[in-house]
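Summarising the annotation, TrEMBL assigns domain 'Sugar phosphate transporter' to 47-294. Residues annotated as transmembrane segment in TrEMBL: 123-142, 154-171, 183-203, 223-245, 252-271, 277-296.
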Amino acid sequence: MYSQQDVKSSCLKTRPDREAPVCCFLCRQLLPHHRGQQDGFNQLPMAFTIIILYSAKVCKAVSFQDFDKSLPRKIFPLPLLYVGNHVTGLGSTKKLSLPMFTVLRKFTILLTMIMESKILRTTFSPQLVCSVLAIVFGALVAASSDLAFDAEGYTFVLLNDVFTAANGVYTKKKLGVEGLGKYGILFYNAFIIIIPTALVSAYTGDLEKVIAFKGWMSLSFNLYFLLSCAMGFVLMYSIVLCSYYNSALTTTVIGAVKNVAVAYIGMFIGGDYVFSWANFVGLNICITGGLVYSYLTFQSTSSAQTTNQEEDKLRVPVVEELQDRAEKRPLTAV
């Protein structure tokens, strides 16, 4: 058996910025079975995504473009960003403490806002910018008592921030590409990635370890593993769906607010939260900034919908009046 600390450190490698509680539970169940073989198992959830989406396409439950020579150009650079995000994420969690990792990951929000304004030409109000800066500042305060410096760890996590922000922004951009859509992005991203990553796993020996893994004979392991693959697909689909209906920045902020909410729950459940005033004040600043951001975003959305409805109401009488005038106008003889 492995210690609780081993389980926690391995759980961090599954992207804590977007990890769902159910995924964390499944991770805790699986780690005692395949600790040290995580890299070799990473291709299997991607294969699960491909199978699910292709089966749904065959059954005509979903639709997306068939593969052709134009697809790599359409989806590029999402596969590269995904791989870079995954590699740098694993490297950063091995070198930094959890508080420092958390504060540096918050810079993803700031980078997403900058990239979205440059790449997607999105404009943000000063109030929205201040709420984002408040989230980053709160994370700095929360981790102020643990500012250990590690050059390699800082490099990995900041690169991870860049890849994460770019992946979110380009996902939003590619959602507007004809023929891809939500399901096409998920399917072809996994389809393009799985081949090179499988070759890398075979070269490093991880694939051989997975094939020879004795846990495949365990019913409980197979059950938890299939559930974790399913929840991984649901999680990826939820992220893409959130980006489809909202901005890339909103998707990133939601992930940050969720982490703060999990930290609040951890104060009362779990028993491993170490209280400090700096951490407590920082968490409150983070959650306040997130709530202000949510309020401003939904308020602007409601205002836009109200404006559109008012324009529609004004447009209908004008059209009816023009139609009445056309009907009353006498016909001229030819």
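Glycine too: its Cβ is placed from the backbone N, Cα and C atoms.
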Most CB pairs under 8 Å with the transmembrane segment (277-296): which of 123-142, 154-171, 183-203, 223-245, 252-271?
-> 123-142
Within the domain 'Sugar phosphate transporter' (47-294) only, compute the mean pLDDT.
-> 83
